[in-house]
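As structure tokens, the structure follows; a few thoughts come after it.
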């Protein structure tokens with residue numbers, strides 16, 4: 001009986017491969033590498049919260065939160081990280097609000113960034129579809145879902161009602177995009193805003209525009225909220241961003257990260273490095289003093305951050321120690337300064353394209 005079942009299964013597999021091509025069905029363990037390929041988010045704290053050391057390739061990521069919470073900043077750091085590793089990035093700026101100077105300050109090579117500012121939601125999603133289908137783009141950012149206005153709404157009058165148009169548009173687009181994203185191993189980041197449902201008496205009244213489709217298709221959903229202000233004396237120089245991974249299909253969800261977002265600079269890498277190193281006793285904190293190795297590096301958190309900013313070799317050494325301590329792989333991508341040529345280091349991770 002067992003032999004008959006095995007023969008029937010083998011016959012079915014041969015028939016499927018004949019009709020749909022080799023590789024259309026396989027045993028899961030037959031894949032050359034079952035480990036999930038990732039690209040760093042550009043932030044140690046976010047990489048740790050994601051559970052796999054970065055954003056998984058070939059998956060959809062949704063970032064949502066209130067206004068000025070840091071969503072675009074987090075997405076731009078991912079773009080900069082892809083470019084630093086020699087990859088290609090595209091940005092669909094539906095809000096028409098991308099600041100080239102700020103993007104450059106975050107490490108984005110704007111001369112190499114593919115930018116589109118579409119007139120309608122359909123146009124923006126079709127452009128994203130073409131870029132993803134090419135297999136030559138490593139990351140596509142859509143900023144934002146709420147700004148993907150359907151063509152019928154653009155061409156209509158101000159008072160016209162268009163019930164569910166955007167939700168249908170997103171549902172149709174994601175049905176098509178999800179397969180291509182997985183096949184080409186492209187990271188697709190959708191930035192979204194927050195709305196409030198009217199008349200909700202109990203529970204959370206907050207929701208995100210674009211219907212339910214994006215919630216279902218997303219492998220990771222990140223909630224980004226603004227925390228307390230960061231001050232230098234009386235001057236406000238930045239704010240804390242609180243990030244919660246509310247959905248994660250590749251690691252345990254509900255992990256949290258907090259990062260310093262400095263105005264004009266983006267995420268403070270020295271700040272998150274210092275916090276994570278202290279937590280793992282790689283940097284000693286005694287009172288207000290911080291010590292690394294046998295050297296006292298500063299009194300107060302800001303002075304310790306500045307010491308690492310001034311000592312790049314020590315910072316890179318500690319960064320790899322922290323990654324190992326948190327179960328992540330050391331960063332082997334070369335650190336490039338502004339204006340220096342980038343080296344192709346992303347090709348191995350994208351060899352499945």
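A Cβ is built for glycine as well, from the same backbone N, Cα and C atoms used for every other residue.
Quantities reported herein were computed from a predicted structural model and do not represent experimental measurements.
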Among ranges 304-328, 329-353, whichever one Swiss-Prot labels region 'Disordered': 329-353
Environment of 65, 66, 67, 68, 69, 70, 71, 72, the listed ATP site - residues of the same chain whose CB lies within 8 A of the CB centroid: 224, 225, 226
Listed in sequence order, residues with CB under 8 A of residue 67 (ATP binding site) and six or more positions away: 193
